[in-house]
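Enquirer: What follows is a structure written as structure tokens; I'll ask about it next.
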Ligand SMILES: C[S@@+](CC[C@H](N)C(=O)[O-])C[C@H]1O[C@@H](n2cnc3c(N)ncnc32)[C@H](O)[C@@H]1O
């Protein structure tokens, strides 16, 4: 359960929390004062400076009393229980609006076992007391990654400590403070950190032998902190109460690492005063890239007591709240001097050289001359909040669907309800494309002088799987706009939808549509009386008259596509329709469709599926339709594309997808002509790297299906033909020709944990009219289409691969025993060595019944 927002804070607004490392206690009056200044929340330490001092002397005395050579007495002292002097925190109503800060001076990564043990004791005591007092969210200090030339060695013991603490307080949310990237210049700890007390024999970097910084790995390891986080959350079993508190640096890392963090559960964004840049008015502002990144992160949603909320912004290193001055050292008598420090209790990690420059530059420019003295950073963030880019139609319509897992529809086995059809019908793009395809097919039919199958040379158009009739409507419009006369048939097996079709036929279509209630797999095609006029088809395929003839369909229109193209059994349903097509000129709309895949990191989905596995063992073995929002493409091409990784998708109850719009790019346009001058952007040179230049994902075709009249027996080069319509039960019709297999190779530049495969489809409706959910082609073929979300094929366990690896993906469409299902497996390869393999995903029992 996250920190609770004040009731008047909208769920889309920024929740901004003030952090002052010197703050000792927060009363309800202090919180009100902060809220009067336009903050929403405050951080609060769990323990006092006196406690810190007591622990330090406990350790010093203990080490002093132990002889270094005498290992028999190398025991760890026990920290005595908290006394009222050790904490100012107490249970109260307002506590649920506070964010607890675990003492940043403990060292849970220390190579010294005593320091580690004491740090664990303190963590446990603080968590226990925070839970007792009613705190709902805690911020954990960042794990220290570097001890001399050892990088990341202490992360597992840090993870173990966090895992234990979480076990003791399962109702609290924990955010691990993580810098966006590992910085070799950041190994220094403050003087008061317990790491300073580590004994030399347990330090890989004794003070006396400290090597020059050039002799150790000084390269920025962009994925180093993500890697540490991955270890921690894996150790904690993807606990849904474990989050990231991401520290946004002054200099942003490349887009690849920004998008990786976007896929993670970001509950807190730590924005330090050094992240800001003074503009020409000496007002602290954020660069365009920072604004774009923060806007993007603020679209993420986390569960809270009051619904789904964006990450909480914690402002650090800024002026104290005016008049709110009770510090660790007592009341500073109204002074707003921010320079009272207690060293290591600062939340912000030590500044990098670039940040140090920014601080220096800030002091050179002087303090901002804002009328809201002391609140300049907050004022700017509030202005920024007001000037967020407007949400796109796509974002509005898909709000609330982020990461919501849905079992794909199975319209063949199930009869859809009206609400589901209604959701389909809300997306005009799909129907526009279909109308365009029918229009072009009719025009070509006329221009090429093709012989039609209907009476009076009318083109016979059959909408198979008509639902509530939107494609029937579009076929009628296409005929009207082209002037090509059609004979229209609409077939539907859902008895409820069929009632509606009858009503539409009477009310809107003037009885001009021939309705058939049937499974298309047993339909014999359009039918008319041999002598006197046409049958109205109401009697369905088992026509009692024997003086009837069946005749071909010229254009069969169907929309049986799932998020992976063929996953709603379109191939199996259309197979028996193909022999009913006009053998020379017959057209299927769609003419073909293909399934596409790419590996992704989707830790939030993995955590959800893991939780579901407790109740349903098949949960990690079935595909899901999902509005992917927090995820990262793992395999990207070298060229830059217009698609940012916050690929915001859309909603169709069970099959929606992304529109691939570039939100990073659009998010950079927040500085409009109405911007007050004090918030004016910094100069373009100071704007930094352009994170909108994101590499495009590598999305590869797995397989395709093509639909056309069966080839005549003389043709030998055609693909395997579908079996003719059969009177036997659909489940006994041979279906091996619809089985497929794909083996695809995806190069990965950066280390990653793959959680599964994102699946998309492309469909050629007719000629150059296509539908696509593939993020690479969708903007060209069907921009803004909202009918399908991507499909997600999960891995039971995340597959970790080092930098410069290759993922080999194998996927099967299995057609057996009257069912269809998918199986998939992913292998990781690095430098010719197999570094890991997933289990085979897929579930025969949950396969789609024919
Ligand atoms: C995805 S819906 C599309 C409905 C409608 N064409 C539209 O675009 O809104 C697919 C429709 O095909 C129908 N359907 C699926 N398989 C069928 C089959 N074998 N025979 C007849 N109808 C079928 C379903 O009942 C459903 O109404």
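A Cβ is built for glycine as well, from the same backbone N, Cα and C atoms used for every other residue.
Just so it is clear, the model here is predicted, and its values are computed rather than measured.
Okay, so TrEMBL annotates it like this:
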type     : residues : note
DOMAIN   : 397-589  : domain 'PRMT5 arginine-N-methyltransferase'
SITE     : 424      : site 'Critical for specifying symmetric addition of methyl groups'
ACT_SITE : 559      : active site, proton donor/acceptor
ACT_SITE : 568      : active site, proton donor/acceptor
DOMAIN   : 592-840  : domain 'PRMT5 oligomerisation'
REGION   : 644-676  : region 'Disordered'
COMPBIAS : 650-664  : compositional bias 'Polar residues'
COMPBIAS : 665-675  : compositional bias 'Low complexity'
REGION   : 704-737  : region 'Disordered'
COMPBIAS : 713-732  : compositional bias 'Low complexity'
Enquirer: Where does residue 568 (active site, proton donor/acceptor) sit in the DSSP three-state scheme?
Expert: helix
Enquirer: Helix, strand or coil: which one is residue 424 (site 'Critical for specifying symmetric addition of methyl groups') in, per DSSP?
Expert: helix
Enquirer: So how many other Cβ atoms are close to residue 568 (active site, proton donor/acceptor), meaning within 10 Å of its Cβ?
Expert: 25
Enquirer: Just to be sure I understand the packing, how many Cβ atoms besides its own are within 10 Å of the Cβ of residue 559 (active site, proton donor/acceptor)?
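Expert: Result for residue 559 (active site, proton donor/acceptor): 24 neighbouring Cβ atoms inside 10 Å.
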